[in-house]
Amino acid sequence: MAKCIKNFESLNLILDACFEHRLDRQSLLIAFGGGVIGDMTGFAASIYQRGISFIQIPTTLLAQVDASVGGKTGINNRYGKNLIGSFWQPCAVYCDSAFLKTLPKREFAAGVAEIIKMAVTFDKDFFEWLETHDLHDETHLTTAIHKSIAIKADVVSQDETERGIRAILNYGHTFAHVIENQTQYSTYLHGEAVAIGIVMANALAQKLGLLSKEEGSRIEALLERYALPTHYDISDPEAFYDAFFLDKKSAHDKITFILANGIGGNDMRNNITKEVVLEALKDVNV
């Protein structure tokens, strides 16, 4: 898994190459690849000589619709995902759907999970469109890419450094990051973990009366249409819960959960009791 290289060692290799080739503050880095490459290249650009320019050329669906847009950069460590990083905007992002023709099926589906994420939390009409259109069709895929980028760009323009509405884009991610860390980034692609995280977040939203069972089933069915995983065996619920406190949205010993408020709506809650969360996890851990 590419995320196994998203660490200080790889970052140092990039920085060493910058020094060896005598890059200066007018130089430019190019992130050509998926989300991991984009995150590491952007972070290197943000700290090399206190910041140089970089551009994104995303070659995976997930990177095109999500990771390359918004200026989040970073690396992982043993405590969790993207806990070390910066906000550093690329000076340009070039998306070409031709790159997606050679994507493995799992990589394609992982990107679809991020598209579904944005539709569920921001656009009911888009979600209903996804229910009736197959993204394996190139024309439909192009439409979905444009729509997803437009949603994310609009959100980021309102809240670049994630102090408010931008946090909604982390729907499913609070759970997903724990799953990825527990499996050492070697079992699931990021989008696959997000798909499972969406189902877990929906179980919590149903407990709180924000999402109906029928809506949760529709979301899960759409994920499963693209062969995305929707279940994860939680062997130790207490340890799983405790890992939430390392989430970047948590503060003052309170965990912030991003939830769907109906399809097309969203909510942020930081006052949910541990008991309710564990009950929701129990509901999906069967």
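The backbone N, Cα and C atoms fix where each Cβ goes, glycine too.
Just so you know, TrEMBL annotations never went through curation; they're auto-generated.
Keep in mind it's a predicted model, so treat the numbers as computed, not measured.
TrEMBL has this to say about the protein:
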type: DOMAIN; residues: 5-109; note: domain '3-dehydroquinate synthase N-terminal'
type: BINDING; residues: G35, V36, I37, G38, D39, T59, T60, K72, K81, F99, L100, K101, T102; note: NAD(+) binding site
type: DOMAIN; residues: 111-250; note: domain '3-dehydroquinate synthase C-terminal'
type: BINDING; residues: E114, H173, H190; note: Zn(2+) binding site
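Taken residue by residue with DSSP, G35 (NAD(+) binding site) is part of a helix.
Neighbour counts of Cβ atoms within 10 Å were taken for the binding-site residues T60, T102; the minimum is at T102. Closest to D39 (NAD(+) binding site) by Cα-Cα distance, out of the binding-site residues E114, H173, H190, is H190. Neighbours of D39 (NAD(+) binding site), defined as other CB atoms within 10 A of its CB across all chains, total 25. Sorted by the number of other CB atoms within 10 A, the binding-site residues K81, H190 start with K81, the lowest. Rounded to the nearest whole angstrom, the C-alpha distance between I37 (NAD(+) binding site) and H173 (Zn(2+) binding site) is 19. When Cβ neighbours within 10 Å are tallied across all protein chains shown, the highest count among the binding-site residues I37, L100 belongs to I37.
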